[in-house]
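Per TrEMBL, these features apply:
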- Lys197: active site, schiff-base intermediate with substrate (ACT_SITE)
- Lys249: active site, schiff-base intermediate with substrate (ACT_SITE)
- Arg207, Arg218: 5-aminolevulinate 1 binding site (BINDING)
- Glu234: Mg(2+) binding site (BINDING)
- Ser275, Tyr314: 5-aminolevulinate 2 binding site (BINDING)
Amino acid sequence: MPYPEIRPRRLRRNAAVRRLVSETRVAPAELVVPMFVKEGLAEPRAVASLPGVLQHSRDSLRKAAVEAVQAGVGGIMLFGVPAERDETGSGGLDPAGILNVAIRDVIAEVGDATVVMSDLCLDEFTSHGHCGLLTPDGGVDNDATLAAYAQMAVAQADAGVHVVGPSGMMDGQVGVVRKALDAAGRQDVSVLAYAAKYASAFFGPFRDAVESALEGDRRAYQQDPANLRESLREVELDVAEGADMVMVKPALPYLDVVSAVRAAVDVPVAAYQVSGEYAMVEAAAANGWIDRERTMLETLTSIRRAGAQIILTYWAVEAAQMLRERY
Ligand code: PBG
């Protein structure tokens with residue numbers, strides 16, 4: 001070896017020194033757990049393509065929310081699965097709709113002990129499964145959809161949610177939602193914008209979880225996986241429209257996007273480790289092909305390292321429990 005001998009391995013020598021020099025830690029408070037609640041369920045039900053994830057009943061959701069708080073997670077993102085759907089997704093706007101009822105339940109149970117968030121999108125509530133209202137020729141009508149999102153935001157705020165997450169990728173959605181919340185006197189409710197959201201095959205198992213009726217795809221509103229600069233434009237627009245936080249989704253296949261977004265804006269950046277990312281690891285682990293826990297933590301660390309400060313992940317509760325012991 002040439003002198004001086006530079007030996008990076010000195011800092012990998014044992015667990016104590018590795019812990020000392022670790023550049024990236026994942027804290028339970030940075031993890032957000034997505035939860036599904038289905039209208040009319042008496043007992044929670046497993047989602048076949050998302051092992052370990054449940055469609056909750058109202059009752060089991062309340063219990064799961066308490067467990068999540070005890071584990072120390074930073075937030076809960078709620079998704080509703082209605083018993084009936086219609087053309088306009090009216091169940092999403094209805095104060096008695098399952099998502100709004102579930103927000104009330106969770107807030108009644110955990111209050112301000114964690115951050116309660118709700119998905120703000122019509123796809124779970126429409127009979128056609130698209131994220132918005134349809135035009136006569138079957139396209140998604142951007143501006144008519146915005147009016148529905150505005151009402152939905154106010155209904156969610158009235159139910160007590162802390163953060164709304166507009167995820168439909170309609171142009172102008174963040175501005176319209178912010179304006180509607182402000183007009184309703186809900187300046188205290190934050191907007192976590194699903195700013196850079198790709199038309200991704202990794203959403204597959206989620207569609208099972210919400211029993212999506214979608215035929216076709218969302219390529220006319222979600223982004224082309226080939227594009228990075230487009231995400232910077234989306235993020236810039238959302239911040240200008242009043243987004244308090246921005247999200248990149250999916251996470252692991254888009255770490256370059258997470259990193260570029262982190263460099264471009266000063267608001268908190270979130271990344272959503274989506275259903276397909278989780279299902280791939282679970283399936284490989286179930287086959288004994290991969291070490292489940294190591295893989296889980298490696299993916300979360302990588303997403304954090306790329307620049308996401310907040311991570312939405314179906315492993316949030318389990319990972320929070322593991323991480324609490326680690327640091
Ligand atoms: C839209 C929404 C979707 C996801 C989160 N919000 C589905 C979609 O856009 O098709 C996907 C999340 C996941 O795959 O885990 N309501």
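Just so it is clear, glycine is given a Cβ too, placed from its N, Cα and C backbone atoms.
Distribution of TrEMBL features across the structure.
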residue : record                                               : Cβ within 10 Å
Lys197  : active site, schiff-base intermediate with substrate : 25
Arg207  : 5-aminolevulinate 1 binding site                     : 15
Arg218  : 5-aminolevulinate 1 binding site                     : 21
Glu234  : Mg(2+) binding site                                  : 23
Lys249  : active site, schiff-base intermediate with substrate : 24
Ser275  : 5-aminolevulinate 2 binding site                     : 25
Tyr314  : 5-aminolevulinate 2 binding site                     : 26
Secondary-structure category, per DSSP, in which Arg218 (5-aminolevulinate 1 binding site) falls: coil
Contacting recorded positions, sequence order - Glu234, Lys249, Ser275, Tyr314 vs ligand 1, Cβ under 6 Å: Ser275
Cα separation, Lys197 (active site, schiff-base intermediate with substrate) to Arg207 (5-aminolevulinate 1 binding site) (Å, whole number): 16
Spatial neighbours of Lys249 (active site, schiff-base intermediate with substrate), counting only the recorded positions Lys197, Arg218, Glu234, Ser275, Tyr314 and Cα distances within 10 Å: Lys197
Euclidean distance between Cα atoms of Arg218 (5-aminolevulinate 1 binding site) and Tyr314 (5-aminolevulinate 2 binding site), Å: 23
Cα distance (Å, whole number) from Ser275 (5-aminolevulinate 2 binding site) to Arg218 (5-aminolevulinate 1 binding site): 17
Secondary-structure category, per DSSP, in which Tyr314 (5-aminolevulinate 2 binding site) falls: coil
